[in-house]
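A.B. asks: One structure, as structure tokens, below. Some questions next.
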Amino acid sequence: MSRYIIQGGRKIEGRIRISGAKNSVLPIFAATILNGSENIIHDCPDLKDMEIMIELLKILGCNVKKEGNTVIIDSSGEIKHEVPDSLVRKMRSSIVLLGALLSRLKKANICFPGGCDIGPRPIDLHLKGLEQLGVKINESHGTIFCEAPDLKGTEIHLDYPSVGATENIILAAVFAKGITIIRNAAKEPEIADLQSFLNKSGAQISGAGTNNIRIEGVESLNPVEHTIIPDRIVAGTYLIAGAATSGNIELENVNIEHIQPMIAKLKESGCILRTGQNSVKLNVKNKLRAIDTIRTLPYPGFPTDLQAPIMALLSKAKGTSVIIETVFENRFKHVEDLICMGANIKVDGRIAVIRGRNKLMGANVIARDLRGGAALVVAGLCAEGTTVVEDIEHIDRGYENFHVNLQSIGADIIRE
Ligand SMILES: CC(=O)N[C@H]1[C@@H](OP(=O)(O)OP(=O)(O)OC[C@H]2O[C@@H](n3ccc(=O)[nH]c3=O)[C@H](O)[C@@H]2O)O[C@H](CO)[C@@H](O)[C@@H]1O
Ligand SMILES: C=C(OP(=O)(O)O)C(=O)O
């Protein structure tokens, strides 16, 4: 187990380039199974989850080469339909291999996926959508056995705009006969990136980024070269870290449209933000103010993945803030560690009330999930004294070179 040791109280100042998005690269890697060809993918972030997905693809029969942040995946060989449980349980995105394998092989066996422990996270909407496309599903002893003798396009109305379900249905529908329409689809930028990757390969998909996605089945796909979109959650985390230390930072390689929900809230708190075409600068002149209400929502609402980091920031803002977590049922595990650091936070169900304190104090805390862990790093950066964050393997799932990047902009953080 590794840990970060942070000496708080230093302003972070400088420039960081944002890596490709974890939640984009993982479904796109799964999608490389479809074309049975070579796929060259640039700006792949060096993350634990990406390593696991590469391992999974190799076991399934793909040839994978890594050259810096470019990954070349050749899926022209024979592909297996059974996905090993131990790796599937290590992350959430492994479940999109289901749609990809059904598309390519018309069958797949996979267990229930892992990922951050932030609530029950069922996959009923994935399975319901796949069944509507004609997939026969049997569950036994935790394994889902799927067969898709005859995938047929149809209209699917999602009860909730689930990111993973939207991705799985898109993947399964690429070769389905006729037209598939997904209504109430997730609108996240990572879905649009998946569409863009698949269309470059010859798929006929439109509407990603809106509630209605249309997929016209095609017969075959071609090799692709693609660059992953910048990670809006990583960008948001660095902006929050900059704000929490009253710093002065510039982020490069960001899509400004994708980070608008964070920009709006940071401005409400009193941060000064200036946007360029693909960059954003943040500085802070006065003490930050509380934010009346933050309600996490599907995109373009405020992202649940930044709920924990912004809570760390609000723990030191002037006044009382309210955060309502509407997406996941149990995403406040970081609260007890923030309280250990001196924060005044009360939680009732999905609502957290944060009364800003003048200071936070360094403490020994534990990263219990990916973004909760990032929040504790943010808190450590702006706390007095030393903070030790244990179990940082969770953070490795989603942040490339986290402490190295923070060091490069003046943070006192080491990995042990
Ligand atoms: C790898 C990846 O891309 N992860 C992201 C993805 O997770 P993920 O794809 O798991 O998130 P979903 O959008 O599917 O889940 C949102 C909500 O819908 C519920 N639900 C989902 C599917 C289903 O079949 N039934 C069901 O009830 C979930 O329990 C949750 O309460 O989107 C989340 C919401 O933006 C982000 O926090 C995650 O970082
Ligand atoms: C919840 C997250 O990841 P996952 O869905 O992979 O668990 C996240 O990225 O914050």
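A Cβ is built for glycine as well, from the same backbone N, Cα and C atoms used for every other residue.
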A.B. asks: Of Asp150, Asp305, Asp348, which does TrEMBL put in the UDP-N-acetyl-alpha-D-glucosamine site with Arg92, Arg121, Pro122, Ile123, Asp124, Leu125, Val327?
C.D. replies: Asp305
A.B. asks: So if I draw a 10 Å sphere around the Cβ of Asp124 (UDP-N-acetyl-alpha-D-glucosamine binding site), how many other Cβ atoms end up inside it?
C.D. replies: 11
A.B. asks: So if I take the binding-site residues (Arg121, Ile123, Asp124, Leu125, Asp305, Val327) and measure from each Cβ to the nearest atom of ligand 2, which come out below 6 Å?
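C.D. replies: Within range of ligand 2: Asp305.
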A.B. asks: Compared by Cα position, which of the binding-site residues Lys22, Asn23, Asp305 is the closest one to Cys116 (2-(S-cysteinyl)pyruvic acid O-phosphothioketal)?
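C.D. replies: Minimum Cα distance from Cys116 (2-(S-cysteinyl)pyruvic acid O-phosphothioketal) across Lys22, Asn23, Asp305 lands on Asp305.
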A.B. asks: Across all the protein chains here, work out how many other Cβ atoms are within 10 Å of the Cβ of Asn23 (phosphoenolpyruvate binding site).
C.D. replies: 26
A.B. asks: Long-range neighbours only, meaning 6 or more apart in sequence with Cβ under 8 Å: which ones does Leu125 (UDP-N-acetyl-alpha-D-glucosamine binding site) have?
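C.D. replies: Sequence-distant Cβ neighbours: Leu158, Asp159, Tyr160, Ser162, Ala165.
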